[in-house]
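Now, the feature entries from TrEMBL:
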TRANSMEM  12-29  transmembrane segment
TRANSMEM  41-62  transmembrane segment
TRANSMEM  83-108  transmembrane segment
TRANSMEM  114-134  transmembrane segment
Amino acid sequence: MSASRTLKQLQYVFAGGAVTYYVGIPGQLARISQMSGWASVLAQIALTSGGLTLILFLYLVLVLPRLRGVKPNYADWRHSSELASIIPLLTGSIFVGWTALVFVLAFWSDLGGFKSLIGAMGVYATVFGLLGLIPS
């Protein structure tokens, strides 16, 4: 991995981490998860979808190329038997997880809509930045 690519990924990690810390996303999610009703259900959906996103990315980056010996052609993913099912699942998990995170933070925390949006972007920037540090 080149130094410039590493620095770019670290920018996402540090910027996203700073935003996540500043907005207080972990504490907000922990508090909301303890609530009853739709708040905790949506928080669990956001966390589960985020976990699924992480697992699917790790499968694409680590399992397919290293353990199964498949060199994925991401540009032509529709014609790949491995990628044709994983990419839509990954896209759906990102959409559901991020949307649920913004929604649950906006309605059941004291952050409001704008900080919830920024906080969710920070969380996903941090995770995607860390995933980008995995050598391909």
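The backbone N, Cα and C atoms fix where each Cβ goes, and this holds for glycine too.
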For the transmembrane segment (114-134), which partner among 12-29, 41-62, 83-108 gives the most CB pairs under 8 Å? 12-29
Same chain only, please: residues at least 6 beyond the ends of the transmembrane segment (41-62) with a C-beta under 8 Å from a C-beta of the stretch. Say none if there are none. 29, 32-33, 35, 72, 83, 86, 89-90, 93-94, 96-97, 100-101, 103-104, 108, 123, 127, 131, 134, 136
